[in-house]
Amino acid sequence: MYGTENNRDDSERTAFRRSEKKYKLYYDYNASSKNKKKKQPKPVDLAEVLDFRSILECYHQNAVLPSGVIVLHDKFTSPVFALQNRPGFYFIPGALSIEKQCSLIRESLTDFPQPPNRTNHNALYGPIQDVFVAAKEGKLLVEDNSPITSSETYADIDHRDDKEWKFTTEKDMSLRKCRTVSASVLLRKLRWSTLGLQFDWSKRNYDVSLPHNKIPEALCELSKQLAKPALPGGVEFRPDAAIVNYFGLGDTLGGHLDDMEADWSKPIVSLSLGCKAIFLLGGKSREDTPLAMFLRSGDAVLMAGDARECFHGVPRIFTDKENAEIGHLETRLTHEDDICFLKYIQTSRININIRQVF
């Protein structure tokens, strides 16, 4: 997504773009003894990255905070950090228990991408059932020449031909006459899914006419509790939409604004699961130098009011064992039924953003 700027001098880039480039994953290619190129991640300077876990530990030990960081106690059971120069931004380190993290990882891979919820795969394949289970079972998605059923909406078939797709385990000669894609490839290319009210990316707005499942009650209640530090007393967060983002090695989320909701005074509640990431929080212009901070599995971020007008993005996730920091998940996801979830999350990050649309 950044290829168009490869030949641009740093002086031509915005401050936000320079920070993205600073933390993005790049490789050094070194010739091995067998004369084959072997890539190694280039080292990155992380000295300026805010670490709220370390800030929390220091605060518990001696009640000292870095300059510009403040703490709130009155609206939550554990410390909530805010930034003096970014009003409306709140960081809750370790907001989710290990049990809740594991539960949300399972739901994000099995339940949340299920139709009528939409994913990035809808444009090519229409609604697809049980991608994660199909990947686990080694299935193939096969083009079916039968006509589209009347139950499939025009929104589902938009941007694709009049073919249906179905999963199969068959590997006979007949498949050579059909287009196929493995379920494991579809899982790795899963980039987003939507919960509750569905966001129409082509219109860049919510489409209340699209069929959808409501956000699960447990996730609604969790987001209501987490949103309290960002709301005045007596005001309740009413979640009715969510976007789940899936990141693999090398994936990024470019600087952007979340500006499609009607009331920006209501927070976006953002939950991090899986591998550690770097989050950039900029200002109201891309020319404002962003703050970089670590996001770990279980952390929650709130953005409300002025912070909703701040550019933000994710230029890097860490999937190597030394930096991913998912040992607590590896020790918990040990049951036979959980191994497939563990293998996925060892090289991935999931982010759930819950919103009040109206």
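Including glycine, each Cβ sits where the backbone N, Cα and C put it.
Going by TrEMBL, these are the annotated features:
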type	residues	note
BINDING	HIS256, ASP258, HIS312	Fe cation binding site
DOMAIN	238-358	domain 'Fe2OG dioxygenase'
Fill in: Cβ-Cβ neighbours of ASP258 (Fe cation binding site) (radius 10 Å)
16
Practice prompt. Report the member of HIS256, HIS312 (the binding-site residues) whose C-beta atom has the most other C-beta atoms within 10 angstroms.
Written response: HIS312
Item to complete: Kindly state the mean pLDDT of the domain 'Fe2OG dioxygenase' (238-358) in the predicted structure.
Response: 96
Worksheet item: Quick one: which residues besides HIS256, ASP258, HIS312 have a Cβ within 8 Å of the Fe cation site's Cβ centroid, in sequence order?
Response: GLY255, LEU257, ASP259, CYS310, PHE311, GLY313
